[in-house]
Every structure is written in structure tokens, then in C-alpha cells.
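Remarks on the structure that follows.
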């Protein structure tokens with residue numbers, strides 16, 4: 001964000017006294033010769049000031065701190081943007097989050113992805129696990145608890161996104177049929193058993209320390225499956241974001257899920273019924289009635305998963321809700337060839353990945 005220039009004549013008549021600089025205070029960096037997003041346009045030859053990873057007002061900084069930036073960087077005409085947050089990524093650089101390994105190997109692979117994502121501008125993300133058996137979840141999720149990133153350790157892990165296995169087999173997508181769970185008749189206990197969630201009840205979960213919090217932060221599920229709808233409030237109480245996806249839900253079921261606490265839609269338009277004017281299904285949540293909050297929605301804008309016209313329709317309907325996701329897998333960053341997604345074989349071409 002940039003601010004209008006402030007001349008000495010318009011400066012505060014009695015500026016606040018100068019505050020001594022603490023030794024642990026983050027450096028102030030001025031980035032020049034860059035492009036920035038300003039008022040929905042790309043502006044060239046501008047400058048931006050950053051302190052502790054946050055954009056600051058340079059004029060307030062100058063007048064109240066009475067100091068110049070600690071460092072000036074020439075961006076060489078590059079576009080400067082805040083760090084990206086990836087809510088759905090299954091792996092990258094040959095690493096598949098859904099494939100268990102020994103502790104040291106998994107941690108080494110995780111570090112490889114964390115560092116690699118920084119090169120793409122992603123500074124925090126939710127490692128995503130495709131539908132798997134309970135034994136897989138119990139092995140891999142212990143690695144995916146929230147952890148802070150850095151310039152040396154790579155992107156921040158925000159917690160895991162478990163996409164399935166409580167999804168509708170009619171909209172299975174690139175998931176393995178034999179591991180799906182068709183119901184959750186025991187409610188929260190079924191989720192606890194499958195994922196190995198800590199805490200016996202959602203109420204206990206709220207008392208867990210930061211260090212022992214669950215790895216699971218987002219669950220993609222189909223609310224029309226038996227027992228799922230009634231479990232949504234318990235999942236929300238446990239601090240989990242419930243996302244509607246891989247679902248055959250009609251508009252009534254989708255709205256009921258939102259009323260119970262679901263706040264997200266997994267890759268809108270994909271793995272759900274197409275829009276129909278008499279029953280728009282999950283897509284119809286873009287135009288929900290006024291007494292319901294419209295959920296956020298993931299959108300894969302690669303020109304393949306969703307047509308650009310559909311992207312524009314969704315964005316124009318609910319611009320505040322769009323969350324760009326890649327849904328990338330282990331072949332990201334690698335050459336075309338044959339790879340794995342969970343237990344399935346996939347083939348990567350130049351611009352797409354499909355089940356072999």
C-alpha cells in the first residue's frame with residue numbers, strides 16, 4: 001500500500017517524540033524500482049517500505065522515527081507482492097505428502113518443499129493429504145502440525161488440509177475409491193479415529209496447548225453423507241475449517257452445511273455437479289440467501305480446471321470469497337513424466353496432470 005506524499009508544511013505541528021530504536025527492532029527496508037498492485041492496477045517505478053515483513057507508511061515512519069531506511073534494495077523492475085498463502089497443495093519437487101516414510105526422510109522431504117515454495121512466492125501453506133487409510137493419516141499428520149518458517153527453513157506450515165476420505169464416491173476425482181468413508185455414524189469419533197485427532201472431545205481440543213494442537217486445520221467432506229452434517233458443529237468447535245467438496249449436495253444441503261459452520265468450498269466447479277438453474281448445488285452458495293454467510297471458495301485458475309469465463313462469474317458473484325489454489329502434486333517443479341499421487345499413477349504433460 002502506498003500513501004500520498006506529505007510535505008513538511010502538512011506534517012504534524014507537534015510530532016510525537018522520537019522513540020529510541022530497540023536492538024531487536026526489525027530493520028526497515030526500502031524497495032525501489034519495482035511494480036506494485038495499487039488500486040487494482042499494476043503501477044511501475046514505485047517504491048515500497050517494509051518492516052518485519054509488513055508494509056509500512058514511509059511518511060509516518062520518517063516524521064515520527066526521524067530516520068531513514070536501514071537498507072535500500074533495487075528490485076530491477078520486478079513485481080513486489082505479499083507472500084502467497086496456499087490452502088491446497090498435495091506435494092511438490094518429487095515429494096508427496098500422502099506417502100509415509102521414516103521420520104528422518106519425511107522431515108527432510110518436508111524441508112525440501114518448504115524451501116522450494118519460497119522460490120514461487122509462497123510463504124505459508126497447508127500440506128494437503130488426499131483420501132487415505134487411517135494408518136497413513138496417523139503416520140504423516142504428526143509431521144504437519146503448524147510450524148513457523150524462515151529464510152532458512154522455508155515456508156510456514158499452517159497445518160494440514162485433509163481432502164477426504166469422507167467424500168462422495170460419485171465425485172471421487174483423483175482419489176482412491178477403496179479408502180473412502182461413506183458415513184460418519186459415530187460423529188466426531190469417526191473423524192478422530194480416521195485422522196488420529198488429539199483430544200477426546202471438541203471441548204478438550206480447545207484446551208490443548210499450541211505445541212500439541214492437531215495437525216488438521218481444514219477438512220474437505222461431503223455434507224450429504226450420513227452423519228457428516230450433524231458433525232460439522234463439533235469439527236468447528238475443535239478449531240477445524242470445514243470445506244464442502246467432492247460432493248453431490250443439492251443447494252438445500254449445501255446451505256444447511258454453511259448454517260452449521262462450513263466456511264469453505266474446495267476447488268469450486270470441480271468434483272461437484274454442474275450448475276443447474278433449478279438446483280444450483282454447491283455452486284449456488286455464491287448466491288446464498290442474505291441470512292447465510294457466503295463461504296470462501298478455492299479456485300484453480302490454470303485455464304484447464306475452470307474456464308476463464310467461469311472464473312469471472314464466480315469472482316463477480318463473490319469477490320471477497322475467492323482463494324486461489326494450485327492443487328499441485330508431487331510433479332510440481334519436475335519435468336514431464338510418470339509420477340504418483342498417493343497410491344495412484346499419474347502422467348504429467350507440459351501443462352496438466354492426469355490419472356494414467
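Every residue gets a Cβ built from N, Cα and C, even glycine.
Residues or ranges marked as active site, proton donor/acceptor in TrEMBL: 327. Here residue 327 (active site, proton donor/acceptor) comes close to 88, 89, 90, 128, 267, 298, 300, 305: these same-chain residues lie at least six apart in sequence, with C-beta atoms under 8 angstroms from its C-beta.
Counting every protein chain shown, the Cβ of residue 267 (Zn(2+) binding site) has 23 other Cβ atoms within 10 Å. Summarising the annotation, TrEMBL assigns Zn(2+) binding site to 163, 246, 267.
The feature region 'Disordered' is assigned by TrEMBL to 1-24.
Taking a C-beta cut-off of under 8 angstroms and a sequence separation of 6 or more, residue 246 (Zn(2+) binding site) has the following same-chain neighbours: 163, 164, 167, 168, 171, 172, 173, 175, 220, 222, 266, 271, 272. Taking the mean position of the Cβ atoms of 163, 246, 267 as the Zn(2+) site, the remaining same-chain residues with a Cβ inside 8 Å of that point are 88, 164, 167, 173, 175, 220, 243, 245, 266, 270, 271, 327.
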